[in-house]
Amino acid sequence: MNCSISGEVPEEPVVSKKSGLLFEKRLIERHIADYGKCPVTGEPLTMEDIVPVKTGKIVKPRSLTAASIPGMLGMFQNEWDALMLSNFALEQQLHTARQELSHALYQHDAACRVIARLKKERDEARSLLAQAERQAPLPASAVTAVSNGKRASDEEDMGPGAKRMRPGVSDSIIAELTECNAALSQQRKKRQIPPTLAPIDALERYTQLSSHPLHKTNKPGITSIDINLSKDIVATGGIDSNAVLFGRTSGEILSTLSGHSKKVTSVKFVAHNDVFLSGSVDKTVRIWQGSEDGNYNCRHILKDHTAEVQAVTVHATNNYFVTASLDATWCFYDLSSGLCLTQVEDPTNSMGYTSAAFHPDGLILGTGTIGSTVRIWDVKSRGNVANFDGHTGAVTAISFSENGYFLATAAHDGVKLWDLRKLKNFRSFELYDQDTPTNSVDFDHSGSYLAIAGSDIRVYHVGSVKAEWNCIKTLPDLSGSGRATCVKFGPDARYLAVGSMDRNLRVFGLPEEDASTES
């Protein structure tokens, strides 16, 4: 009496009324639920057609192999053999996987060696090419030629000591600088604080408004900031070798400028022109020209320095700019042609320049050195007219006030304020501990406020030589790095743009509801 489905002796036997066939109850129930018919005859079948058969409890007979000790030993031996065969197969698979992994690691190591060799050959080829470009004589007509956005190499006329000859600053340029100085000086005498300037009580309520990840995550860090005040566009230079233009009003990245091979150390807008400048550790300066579609194309690549370019500053005429480098020289450029008119080297100073800024009137240039000295230059004569000593460590940033009377300089030991009329230091701020340098200083465009960046951001109300300079707001560095690297005031000091050692640009200002009430 076996089940018609399984062929085994049923534990709960049932019989079909229609066919008389015997089934295991659980099997026939599942078959009827799925198909609704007899599994043997194919006739329609329901559970009502199934009749249980009452029998005594069935004890399944023991298999013959387990009926004796020799049989059980044989069964155990078979199971052991099967286990050993399975284990052997797994060991073979493991050995094959190890061989494949070893082969893949060898290929990866070989590929890395090939890539390293190719990079080395590429760098050597670039070095030879650059050397050939410096040594190859070009006709005079090719001095200002432009090809693929790069300035053609200047004709390498060498003077005494194998130094490159420069065209020099002509009398017409000096006249232009002098005329600009006279006009700006006259305007400054009539200058008044704009009514739209953010008041002190507004700055006291400043808080973080937004944070924008502009640079790459694998090389975080913003090294420099500049703001186009007329268009409210913020530019940042990063360790990832990119410069990013960010529309503060729209909250969107307008353009990412790639081309430098190492970190960007300085970025600068040219006012009233759709031109942008960037300096880099790769020893070059790039001039970017904006287009109608909002993109920026590299118009010139300037390769006049032999060491890292640390600072770029634009003259008030917006026709010239200066770059300062760790090669202990600063270059004066014509913006339209990208031509270096003069490269100034101080024979008494072998220390590189770490910062630079034009005086608002344009006839004075300030440079900070790696040796903690601030040097003041007469732009017309390119002569060093004053030196300010007293700092400890490299001078990381300098900023002239809009009234032309004060100079703020930042270094490892803090910030010093200098009176340009008497050429002396009249106030010092030692803000942080000895392990925390001050990285940035910036006067707002009206000359009413001074911002300082280090392990935090502090805003001071500008006083005078005798009057106190009061700290009106301290903002924390929210990057978590403990190092704010650069700070810049927005139009009318309505906000502060801050860069840190993460990849985020942070904007501090009044919340919208407070700002609307203030306005």
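Using the three backbone atoms N, Cα and C, a Cβ is placed for every residue, glycine included.
Any TrEMBL annotation is an automated prediction that lacks curation.
Taken from TrEMBL as is:
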DOMAIN    1-70  domain 'U-box'
REGION    139-167  region 'Disordered'
REPEAT    257-289  repeat 'WD'
REPEAT    302-343  repeat 'WD'
REPEAT    354-387  repeat 'WD'
REPEAT    388-428  repeat 'WD'
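Secondary structure by DSSP for the repeat 'WD' (354-387): 0 helix, 21 strand, 13 coil.
Broken down with DSSP, the repeat 'WD' (257-289) shows 0 helix, 20 strand, 13 coil. Mean model confidence of the repeat 'WD' (302-343) amounts to 92 (pLDDT, 0 to 100 scale). Beyond the repeat 'WD' (388-428), the same-chain residues lying 6 or more positions past its ends with a Cβ under 8 Å from any Cβ of the stretch are 185, 188, 191, 354-361, 364, 366-376, 434, 437-447, 450, 452, 462, 465, 469, 486. When the repeat 'WD' (388-428) is classified with DSSP, helix, strand and coil residues number 0 helix, 22 strand, 19 coil. When the repeat 'WD' (302-343) is classified with DSSP, helix, strand and coil residues number 0 helix, 24 strand, 18 coil.
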